[in-house]
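Feature annotations, courtesy of TrEMBL:
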DOMAIN    41-289  domain 'G-protein coupled receptors family 1 profile'
TRANSMEM  26-48  transmembrane segment
TRANSMEM  60-78  transmembrane segment
TRANSMEM  98-119  transmembrane segment
TRANSMEM  140-163  transmembrane segment
TRANSMEM  199-225  transmembrane segment
TRANSMEM  237-260  transmembrane segment
TRANSMEM  272-291  transmembrane segment
Amino acid sequence: QDAGNHTLLSEFILSGLSSRPELQHLLFFTVCFVYSMTLIGNLLICMATAHPTLHTPMYFFLRVLSVLDISTASVVVPKMLVSTLSEDRSISYLGCVTQLYCVVFLASTEWYLLAAMAYDRYVAVCRPLRYPAIMSTRACLSMVLLSCCSGQVVSVVQTAWVFTLPFCGPRSINYFFCDIPPLVLLSCADTSRYERQLISATVLVIFTPFCLILLSYTCIISSILRISSAESRHKTFSTCSSHLTVVTLYCASGTLIYLQPKSSDSQEAKKILALIYTTVIPTLNPLIYSLRNKEVKEVLVRGMAVLMKK
């Protein structure tokens with residue numbers, strides 16, 4: 001087949017998490033359980049942070065983060081669950097385009113949002129007297145909107161670039177959803193230029209926010225060390241450490257997936273990292289934030305108590 005045949009392509013075949021038939025039911029129930037925990041945990045965070053006592057910028061950003069986590073998992077997991085138990089693992093060309101666009105948009109937006117959350121913590125710790133003025137409702141909404149717009153630009157560019165590549169030969173994607181690295185492997189053209197562009201995009205989307213986050217937390221830690229009260233130092237650092245934990249998980253998995261897009265030798269490892277990125281981390285986020293946050297835990301406990309009385 002020549003490169004021109006890619007215009008006739010109507011669908012791709014997803015290989016899934018594993019090709020071993022004896023593992024399919026175990027994988028289905030495991031992923032289904034994790035996905036359920038993602039939905040329940042993040043919905044609880046959304047409800048808890050909507051409480052009047054938690055109407056602060058930090059909890060507003062946390063609520064947006066939970067919405068993004070639910071969306072990311074929902075774009076990937078339902079199709080994966082259907083494919084796990086079905087002999088038909090095909091995904092239409094348009095479906096693949098849509099899935100890639102959504103995954104890149106949500107992941108990029110989340111990174112910029114994490115940077116906004118770090119800035120919020122910086123202002124709260126280092127500029128407490130000016131915090132209400134700097135982190136106004138308008139400023140918070142603007143940061144979220146800017147994060148979404150930035151994610152939109154990145155997603156449109158990356159999706160358009162990937163699907164201008166010629167796909168010929170096997171249509172099987174050694175992955176459980178449509179993502180950039182496995183799609184690049186299917187191309188029969190020289191993708192070196194695109195790989196360089198993807199590395200540049202990875203630096204822009206991951207490392208630029210990561211550097212801003214590190215800068216924010218360098219200032220934060222410096223301020224924390226100057227706090228005389230040990231209890232106050234512990235409380236401030238505990239709030240910030242939750243955010244740092246999430247950032248570390250995202251950075252480690254994201255960079256390992258996208259810095260070598262055409263490395264077929266590590267494709268199985270990339271599947272595991274992608275599963276962590278799209279399924280496991282969205283489940284961990286509510287646990288990290290709620291279990292380490294006294295205010296969120298109190299609201300959730302009060303809410304459960306009210307439900308039990310009814």
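In case you wondered, yes, glycine gets a Cβ from its N, Cα and C as well.
For the transmembrane segment (199-225), the partner stretch with the highest count of Cβ pairs under 8 angstroms, out of 26-48, 60-78, 98-119, 237-260, 272-291, is 237-260.
Counted as Cβ pairs under 8 Å, contacts with the transmembrane segment (26-48) are highest for 272-291 among 98-119, 140-163, 272-291. Between the transmembrane segment (60-78) and the transmembrane segment (140-163) there are at least 3 Cβ pairs closer than 8 Å, counting only pairs 6 or more residues apart in sequence, which means the two stretches are in contact. Non-local neighbours of the transmembrane segment (237-260) in the same chain are 58, 107, 110-111, 114, 117-118, 121, 125, 179-181, 198-199, 201-202, 206-207, 210, 213, 217, 220-221, 224, 266, 269-270, 273-274, 276-277, 281, 284-285, 288-289, 292-293; each lies 6+ residues outside the stretch with a CB under 8 Å from one of its CB atoms. Mean pLDDT for the domain 'G-protein coupled receptors family 1 profile' (41-289) in this predicted model: 85. Outside the transmembrane segment (98-119), and at least 6 residues removed from its termini, the chain residues within Cβ reach (under 8 Å) are 58, 61-62, 64-65, 68-69, 71-72, 75-76, 79, 91, 143-144, 146-148, 150-152, 154-156, 158-159, 162-163, 177-180, 183, 205-206, 209, 212-213, 216-217, 243, 246-247, 250, 254, 277-278.
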